[in-house]
Each structure stands twice: as C-alpha cells, then as structure tokens.
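Novice: Pasting the relevant annotations from TrEMBL:
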{"type": "ACT_SITE", "residues": "Asp116", "note": "active site, proton donor"}
{"type": "BINDING", "residues": "Lys22, Asn23", "note": "phosphoenolpyruvate binding site"}
{"type": "BINDING", "residues": "Arg92, Arg121, Pro122, Ile123, Asp124, Gln125, Asp307, Ile329", "note": "UDP-N-acetyl-alpha-D-glucosamine binding site"}
{"type": "DOMAIN", "residues": "7-408", "note": "domain 'Enolpyruvate transferase'"}
Amino acid sequence: MKKMLIRGGKKLSGEVVIGGAKNSTVALIPAAILSRTPVTLESVPEIQDVYNLMDILGEMNVESSFNDCVLHIDPTQIRDVPLEKRNIKSLRASYYFLGALLGRFGRAIVGLPGGDDIGPRPIDQHIKGFEALGATVSNDHGAVCVTAPPEGLHGARIFLDMVSVGATINVILAAVTAKGRTVLENAAKEPEIIDLATYLNNMGAHIRGAGTDTIRIEGVERLAAHNAHTVIPDRIEAGTYLTLAAAMGDGINVRNIISEHLDAFLAKLEEMGVVMDVGEDSIYVYPSGDLRMVQIKTMPYPGFATDLQQPITPLLLKAKGEGIVVDSIYPKRVRHIPELTRMGADITVENDVIILHHCDHLQGTEVTAEEIRAGACLMIAGLMADGQTVITKAGNILRGYDRVVQKLRGLGADVAIVDDEAEKSLQLAQ
Ligand SMILES: CC(=O)N[C@H]1[C@@H](OP(=O)(O)OP(=O)(O)OC[C@H]2O[C@@H](n3ccc(=O)[nH]c3=O)[C@H](O)[C@@H]2O)O[C@H](CO)[C@@H](O)[C@@H]1O
Ligand SMILES: C=C(OP(=O)(O)O)C(=O)O
C-alpha cells in the first residue's frame, strides 16, 4: 500500500505540463486490438491504469512496450481468451474489452470491472447496446459473456436511456465492424469520445458525429493502423493543477491544455475571481486574492465534470460564505468529505448535497484516498494545510495522475510517495 507524504503551506510556482488524457488512453488501448497491424500511441500518461491494461493485453498474447510516453501495441498475434483474472478488477475501463473483443472475434468473456468506488456504476446501457447489435449477453459467475450471432453483428438504432461515456465507447467499439449502419442517439459528447473516433477513423473506421449526441457508424470489414495517434491532453489533470495554482500558486503556468475542453470549469474559476491568462495551449494562473463562493452542479459534458467536483473543493474552502456542490452524475461521490473534516474543514453532506463554509486553516493529518479524485482533493488540501499530511491508499492517485510527484516537486512542493512495506522494513531495521 502506498502513502503520499506532503508538507503543506508552501507557495508554489513555475510550470507544469499536462499529460495525455487517462480517460482517452484507457479506451484507446483496448481499441488497439481491433487493428490488424501494430499500433503506436503518443503522449500516453505514465499511470497505473496503463500498466494494468498492458498486463491484460499480455494475457491475450498482445505484446506492448511503453517508454517516454510512447506505447507500442502489437495485436497481430492476438489470442481470443477469456479475461477473468484479478487485474480486470484493477480498473473500470477493462470493460472496453467487451466491445473490442466482440468487434474483433464476435465474442467476449470479461470479468466484472473495478474502478473507483463512487457509488453504483451499472452497465445496463452497454448490454442494451450489444443486444441491439444482435449479441447475446449473459452473466456467468461474475463474468460478462457476450456472443455475436453466427452471421455477425448488425447495425442498429440505439437510444441510450442516460448519457454514458462507457456505453457510448463500448457501442462504438462493437459497431465499427458490424454489418451496416448504427445510429447511436443520446450519446455522450466528451472530448475522449472524439479522440477515440479520430483514432478508429484513421484505422479505416467510418464514424461520424462524435462530439454530438448522435453518432453514425457505417460498419467496415477490418481496421488497420498506419499512423501513430497522439492522445489529447487530460482535461481533468489540467483542472486539478489549475485548482492547485489558484489555491497555492505564486504564479503557475499550466501547459498542454485545450481550454475549450474546460469551459464549464474555467467559467467557475472566473466566477470565483481567479485571474488567468488563457493562451493557445496554456493557462497562466495569477496568485489569488479574495475569492467568491460559488455553487457547483456536475453535468455530462460540456457541463461541469464530476471528476473535477472533488479537486475544486479545497479551493472553495478558501472563499467567503456558504457553498453548495451537487454531483448529479455520481451523487454518492463524497468520500473526500470525512477526510476534509478531519483536516479542519467545515463541510457536510445532507441528502447528497455537499454544504461547505469558508475555512481559514487546514491542518495536516492522516487521511485516506478512497478513490482517485478524492485523492486529488486531499492532495491539494494537504498542500494547502499546515504541517504534514499523510494520504494512505495513494495508489488510487497514481492510477490516474501522470508522474504526479515529479510534477508537484517541479512546482516547489514538498511531497513524496512511500511504500508501506518499505517503510515497515526500514522501521524494523532501525
Ligand atoms: C474511464 C472513464 O472514462 N471514466 C469516466 C466515465 O465513467 P463511466 O463511463 O463509467 O461513466 P458513465 O458516463 O457511464 O456514467 C454516467 C452515469 O450513467 C449511469 N449509467 C452508466 C452506464 C450504464 O449502463 N447505466 C447507468 O446507469 C452511471 O451510474 C452514472 O450515473 O465517465 C464518468 C462520468 O463522466 C467519469 O466520472 C469517469 O471518470
Ligand atoms: C472515476 C474515474 O475513473 P474510472 O472510471 O476509471 O474509475 C475518474 O477518472 O475520475
């Protein structure tokens, strides 16, 4: 088990470069198995989810290598095997192998996915999509089995009951090689979906309308990658560092940003009184003066992202007055609240509404990162707090934040990751 140690209270400055988007990368890697030729991804973040996906590829005899943000995947010797081992549970996006294997082999057996514990995360819309394409879906001892009919999958009109990133991506993965036309309505519009469509279209797929709520796919026989694909910048990582810059910065430049992907988030920062220079692919955040409290309600893209609700909370604590945060996508995404309270924050949850008040002083203590964005929230709170903050279960942060210790140290932060086991053996040796 890993711990993050932070000595807070220091002003931070300098520059940080945002990595490739986690939520694109974790779809692009499973999608690579649709290609009949080797695939190269550039600007891949160095995060645990990538290593876990590489392990899963290995189970299928798909070789991969990862150096300097470049990931090579060779799916030419792929074997069609059930994916039921423990590492499927290590992340959410392992469920993309359902759509990808179904598209490639007409069948898939994949263990139920893991990922962040942020409340109920059903996959009924994924299943509805596969069934509409002609597949049979069953649940066998905790694994999902999806099988295409003997004549293969066929295109269909699918209307998602609710906007789902995962279901949109899984339907695309299965439908790109189905016979005929698929029309996916009420689709998610996240930039990561456009990234996936661009990548697959460059392999020969025919996907139109990604980024709108109606996606049209003409099935093609086979896909083959011919060019490297560069992953888009991570808008959630960017939002996390922008928050940190507003909370503790003495002038911080955040580079490799597509600011349009952060419109709702940047509008909130402006409403709070954060002063920024938004450049072509970077944002400079000036040291903050007095901040105004705001109310936040998370919504599907282009609304305020649920993944930024927790990271922005420590900044809200600096503003005067009473603030309210409502997560309409994951109302139970509140595992940061008891931890912030232990650090001295005045923050409560009533009927899934987070209510918080201005707090002059956070105090470092031992807290737990129960999931990735709760971890990001505590990391920022720890950097704001006096004294030492110890974040246990810091592996949840490393799941999705590219080289986070290196980046924070580059801004002048006093931060380290230690392994519990290593720490124990050190104590025993002393
Ligand atoms: C790997 C990845 O990209 N993860 C992101 C993805 O998760 P993920 O794709 O799992 O989230 P969804 O967009 O599918 O979920 C949105 C909402 O729809 C509900 N739902 C979803 C599918 C379904 O079949 N049935 C159903 O009821 C969910 O419970 C949730 O309330 O989008 C979330 C919402 O922006 C983000 O927080 C995650 O970071
Ligand atoms: C919830 C998240 O990730 P995942 O869907 O991979 O659990 C996240 O990135 O905030």
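Each position is counted from 1, following the chain as shown.
Including glycine, each Cβ sits where the backbone N, Cα and C put it.
Have a look at these and tell me how they're positioned relative to everything else.
Specialist: A simple way to gauge crowding: the CB of Lys22 (phosphoenolpyruvate binding site) has 26 other CB atoms within 10 angstroms, across all the protein chains here.
Listed in sequence order, Asp161 are the same-chain residues at least 6 apart in sequence whose CB falls under 8 Å from the CB of Asp124 (UDP-N-acetyl-alpha-D-glucosamine binding site). Mapped onto three states, the DSSP output places Asp124 (UDP-N-acetyl-alpha-D-glucosamine binding site) in helix.
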Novice: Could you give the mean pLDDT over the domain 'Enolpyruvate transferase' (7-408), rounded to a whole number?
Specialist: 96
Novice: So if I take the binding-site residues (Arg92, Pro122, Ile123) and measure from each Cβ to the nearest atom of ligand 2, which come out below 6 Å?
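Specialist: Arg92, by Cβ distance under 6 Å.
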Novice: Least buried of the binding-site residues Arg92, Arg121, going by other Cβ atoms within 10 Å?
Specialist: Arg121
Novice: With H, G and I counted as helix, E and B as strand and the rest as coil, say where DSSP puts Lys22 (phosphoenolpyruvate binding site).
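Specialist: Its secondary structure by DSSP: helix.
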Novice: Can you figure out which of Arg121, Ile123, Asp307 (the binding-site residues) comes closest in space to Lys22 (phosphoenolpyruvate binding site), comparing Cα atoms?
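Specialist: Minimum Cα distance from Lys22 (phosphoenolpyruvate binding site) across Arg121, Ile123, Asp307 lands on Asp307.
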